[in-house]
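For reference, the structure is listed below as structure tokens.
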Amino acid sequence: MPDTSLNMATLMASWLAAVLYGMNVVLYICCVRVLYRRGLVGINRILLVLATLQFLISTGHNVTCVVQLIRGFITNGGTSSGPFIYFLDMASTEHVLQESFYIANSVIGDGILIWRMFIVWNRNWWLCGPFLALLTATTICGYIAVSHLARFAPLDPVFLAALGQWILSTWSLSLVTQVGATLLIAYRIWVNTAWNMKTGSSHANVFWMVVESGAVYSFTTVILLALYVSKLNSGAIVGGALGQLSCLIPTSIIVRIGFTTSSGSTAGTYPSLRAVRPAHPSSQGTGTTKYGEDNAFVTVTRRTETESGQDITLTHMPYESAENKHQGLGDLETGI
């Protein structure tokens, strides 16, 4: 399979990382605006801290890319082989830092995804536990790989078996986390909001937003895995992109949902439950009159904010069914 030179791969990776970093700058500003508008309390404060941390890490990642370009093509550009020899040195401080930033952002991104799954699934620790174990294993494997990288000799290739087993473990564990958590979140959204999953609704938008975001990151990770296994330099291009995508995707979800819930007729839709008891009483053995519980139902009041005011629709359904749906919607709003 045709491959690109190491010099070109590094140049393209830095260019792609710079483009995605520019998008991260815009998204971070929008994210801060969205979270401030919601109020910096509780979960919103945590989201702001995590978004800021990821943005700072992605900034460090981009800086190391620029430094490597300067040292490769300017500082060591006096001879034709100078850039190649420099980029082949995987143990250079700036390259080790770049990979450390990538691992950190990837772990934080996976952690945010697991946290969303935890919230959406009603804080189910039994479901969350295996994913926390995967996240821990990903972190350990990732930084063991970085430590191996830091001890490389100047001309050692990145495809050495001693390093490769840890790199492949890191990406594979992260991929399992991404796919599994994304599918569980999407399933929960689908099951709990299927009654309102019409095209263009806010719940349908959130569902496809989660699926698309997870698919993009997972697909990119699969490509990186395939290129590394094939021992192709072009994998460096995808690696440079992932260093920024791991920040871009979590932030974009916050921003897209924030904008969705503040504009348009499908945006400000929220449910409220009002229990309604049957009009006819049922007599119990003691002579005490109680309302029958078996026939209880609720009215789901849906208020949709529009430019002209609020449209209100009423839906009747069994109490137990509505209670479950309301729980799912509440978790969805909190977790995503």
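Start at 1 and count along the chain as shown; that gives each residue its number.
Glycine residues also receive a Cβ, built from the backbone N, Cα and C atoms like all the rest.
Just so you know, TrEMBL annotations never went through curation; they're auto-generated.
Within the set 46-66, 235-255, the record from TrEMBL flags 235-255 under the feature transmembrane segment. Take the transmembrane segment (235-255) and the stretches 125-146, 166-186, 206-229: counting Cβ pairs under 8 Å, 206-229 has the most.
With a threshold of 8 Å between CB atoms, the same-chain residues lying at least 6 positions outside the transmembrane segment (125-146) that come near it are 96, 99-100, 103, 106-107, 110-111, 114, 117-118, 163, 166-167, 169-170, 173-174, 176-177, 180-181, 184.
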